[in-house]
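The structure appears right after this line, and notes come after that.
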Amino acid sequence: MPEVSTDDLDERQVQLMAEMCILVDENDRRIGAETKKNCHLNENIERGLLHRAFSVFLFNTENKLLLQQRSDAKITFPGCFTNTCCSHPLSNPSELEENDAIGVRRAAQRRLKAELGIPMEEVPPEEINYLTRIHYKAQSDSIWGEHEIDYILLVKKNVTLNPDPNEIKSYCYVTKEELEELIGKAAHGEIKITPWFQIIADTFLFKWWDNLNRLNLFVDHEKIHRM
């Protein structure tokens, strides 16, 4: 694996780069494990390194979507606006368990607490709805990027928030119209949004949003959408 200096990066975020992500093939079959750092180096991504991830979309009971702005300390896509929570299940027994994506949903519960301070009892895995998966690749800069099989998870619930400033610069609940305005600002270069959030907003998000009480219509655990 290539050696890249992390001396100028945020110390806490560098520590997280030692976490072990789950390596998968293009059909999401587990083939091993690798550090978060190595999974996010463009040099490895160009060789085909692919890992498992998830994206949470949390709506409150007013049907507003919780967005976050990633902190400037983040190594990939710092300062970008994105969906509620985006991270990775780890290569450990609890989060490797694949039946009904329970391992991924446990990882989502863990990261909702770590990033947004949401008490774990407020988002039990059984209330995190697994819809489908997308496969995408994106560069953050010349060194870092993403190449993921991304599990799409939806939650509809009012939650308690206490964000970690090392993870999150700001957050807000938005209506559909407010999100469209935000996407417009990104198109004009006024703000930045993450590529996976842009992809999902351009394809599926508004259809899901219109049917939050009928999400079963959109459950597809067989297909991996190639983006």
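Here the Cβ of each residue, glycine as well, is placed from N, Cα and C on the backbone.
Going by Swiss-Prot, these are the annotated features:
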- K36, R70, K74, S87: substrate binding site (BINDING)
- H40, H51, E146, E148: Mg(2+) binding site (BINDING)
- 49-199: domain 'Nudix hydrolase' (DOMAIN)
- C86: active site, proton acceptor (ACT_SITE)
- E148: active site (ACT_SITE)
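The record assigns K36, R70, K74, S87 to the substrate site; their largest pairwise CA distance measures 17 Å. Note on the domain 'Nudix hydrolase' (49-199): mean pLDDT across this stretch is 97. Counting other Cβ atoms within 10 Å of each Cβ, the binding-site residues E146, E148 show the lowest value at E146. Using the Cβ center of H40, H51, E146, E148 for Mg(2+), the list of other same-chain residues with Cβ within 8 Å runs, in sequence order, C21, C39, I45, L50, A53, H88, G145, H147. Proximity to H51 (Mg(2+) binding site), defined by a C-alpha to C-alpha distance within 10 angstroms, is shown by the following recorded positions from K36, R70, K74, C86, S87: K36.
Residues Q13, L16, I75, T76, F77, C86, E167 surround the recorded substrate site, their Cβ atoms falling within 8 Å of the Cβ centroid of K36, R70, K74, S87, which are themselves excluded. Secondary structure from DSSP puts H40 (Mg(2+) binding site) in coil.
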